[in-house]
Amino acid sequence: MTSTLSIPQDKALSIIPCFTSLLSCLGSAQIIYKVSTARKTTPYRRILWGLSSADFLCSLLYPWQAFLVPADTSPRIWAIGNDATCTLLGFGQQIFFASIGYNSCLSIYFLLTVKMGMSNAMVAKRYEPLMHIVCVGYPLVTAIVGAAMGMFHEVELSHGCWVQEYPKGCDDEEQNSTCIHGTIALFFGGIPAIVAFFIILFNNLLVYGHVKYTIQKSRRRFASSLGGSSSAMSRPLRSSLLSMGASMIRRTQSREQQEPPTRDPQVQRVHAVFTQAFMYVMAFLIVYSPSFILRILSAHGYGAEEEGKLFPLLLLQAIFLPSQGFFNLLVYIRPTYKRTRRENADESRWWAFRRALYGEKVKPSKHGSSDFQHRRRAASSSSDFGMMVVRPEARRMDESSRQRSLLRKYGLDNNQYPVYLDESSKNNDISNNNPANNQNLDLIQEDSSSTMTFATGSVIDVRNSYPVTTSSTRASMPDAMTTTASTIAEEGEDGEEGEDEDDEMGQDQPASLDDDDYGNVIKDANHPDDNITKERLEDEQQQQQESSNAP
């Protein structure tokens, strides 16, 4: 066996895996530590623990692929091994297929939780034991059988040892060759790898289709609810709103046609889980694609004589194949990193990355501390979104625009519902309309210094983001407005961060989503767009009506 690689190329392919394997070991060890010290265990974390364990063991052996091959027969310039060390390398290479199996199990887990709507408890009871048995059992049994029967020898294409030249001494080029290592390699690794690849591809296509259907269904339902609320509004109220330039129905429908809603919490949860699953698939493809291509070429007769031509592909394999643990770590801490960046916008990206890795051990810097941010947010709240004080006329327009920025977050911009800064502006606005329609503007008289009064009769305390409504007002408010007001109440202090920061960090990570626990956030994946807020409001109205009728 004569290699066509030059000496610098051979050295590069021998040295590079040492560095990438070190990154993989560190990444896998970090995941193992974080999962082992977590307060609770889930199927997702246990599957990831198995994947990281397999990556860690294989990353320890992979740097030795160019050194522990038999020195008397290998064309590698730094070969110092023998048949026993080659068998050890082949054993570790076969264990590597446990990592491929766990990657497919991750895709199965996301399919079960996202599309099928299964809980963690159900996945752990019905499917998880079989996953671990297959992922650990098959590679371990085949590795033991291969080592015991002497199937592992140095491969002809690339560095290392695996199923090759069995029975020992056979020649593939002979007319009546007795070699069966090609068939054994197909069952040991070829078929499992192909099956795992199609499982991952098929599962993610199903998850993608489900996410796309969920978002489209949520948009259609939201649009239909707006249409229903338009027909339910009384003619005097609509006339009054139109006269004041605040028709919610037309303006909201026009805007929603351009920017369909994407902030439904359930839709965000489904989208976040799909994004995380897709990231694992991308890491899998980046790591294994060069190796898969080389194995296919080797099965079609490519050997050491063609290594010079295939050096770019061999180089990609040396870089990416040993580094899966590092890529998995990046995907694993991605939700924590995004949340850290969102909550600590003043900190650097490097600080957020270290904080995502080591948690509270990484202390905030001086200008990014939580106390500093709290004071900054408090100042912003008191000046921008806090008590609405009657100000001089010169500052009134500026204050109004600031208030509008808050209303825009909850879909109340475009003058859908006018905001009165004081009693005089309210009276002037009403006097310009038909007095017959003023009876529908049942304005609640509240202290204008701490609230904003809407023309529909809804008063929102901007500092606490809490809506105050009456039963009569609720009956006259369209469903979209009722839902929006309740949404403001539910968000609480989270609404202070503003929309721009959310857009910068992305909308695929909802606040209620745990960092790495995806089984329980999908409460009902088959019905993700149920309007729970509206149902709760209807229950409250019924309770108020019953209490008013009671003696």
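Backbone N, Cα and C atoms are what each Cβ position is placed from, and that goes for glycine too.
Where the annotation comes from TrEMBL, it is an automatic prediction and has not been curated.
Annotation source TrEMBL lists compositional bias 'Acidic residues' at 490-506.
As annotated by TrEMBL, compositional bias 'Basic and acidic residues' applies to 524-539.
Summarising the annotation, TrEMBL assigns domain 'G-protein coupled receptors family 1 profile' to 27-332.
Remote same-chain partners of the transmembrane segment (12-35), defined as residues 6 or more beyond its termini with a Cβ less than 8 Å from a stretch Cβ, comprise 5, 41, 45-46, 48-49, 52-53, 55-56, 59-60, 62-63, 65-67, 76-78, 158-159, 314-315, 318-330, 332, 357. TrEMBL lists 12-35 (among others) with the feature transmembrane segment.
Residues 10, 13-14, 17-18, 21-22, 24-25, 27-29, 31-32, 35-36, 76, 78-81, 85-86, 88-89, 92-93, 95-96, 98-99, 102-103, 105-106, 109, 128, 131-132, 135-136, 159-161, 321-322, 324-325, 328, 332, 516 of the same chain lie 6 or more positions beyond the ends of the transmembrane segment (47-68) yet place their CB under 8 Å from a CB of it. The feature transmembrane segment is assigned by TrEMBL to 47-68 (among others).
Here TrEMBL flags 88-112 (among others) as transmembrane segment.
The feature transmembrane segment is assigned by TrEMBL to 133-152 (among others).
Here TrEMBL flags 184-211 (among others) as transmembrane segment.
Summarising the annotation, TrEMBL assigns transmembrane segment to 277-298 (among others).
Look at TrEMBL and you will find 310-333 (among others) tagged as transmembrane segment. Under 8 Å from some Cβ of the transmembrane segment (310-333) lie the Cβ atoms of residues 5, 9, 12-13, 16-17, 20-21, 23-31, 34, 48, 51-52, 55-56, 58-59, 62-63, 99, 157-159, 276, 279-280, 283-284, 286-291, 293-294, 297, 302, 353, 356-357, 516, all in the same chain and six or more residues away from its ends.
Remark: the transmembrane segment (277-298) makes no contact with the transmembrane segment (133-152), by the rule of 3 or more CB pairs under 8 A. Mean pLDDT for the domain 'G-protein coupled receptors family 1 profile' (27-332) in the predicted structure: 84. Below 8 angstroms of C-beta separation, residues 50, 54, 86-87, 89-91, 93-98, 101-102, 105, 161-164, 166, 168, 181, 184, 188, 192 of the same chain, each at least six residues beyond the ends of the transmembrane segment (133-152), sit close to that stretch.
Residues 94, 97, 100-101, 103-104, 107-108, 110-111, 114-115, 138, 142, 146, 151, 162-164, 166, 270-271, 274, 277-278, 281, 284, 288, 292, 295, 299, 525 of the same chain lie 6+ residues outside the transmembrane segment (184-211) yet bring a C-beta within less than 8 angstroms of a C-beta in it.
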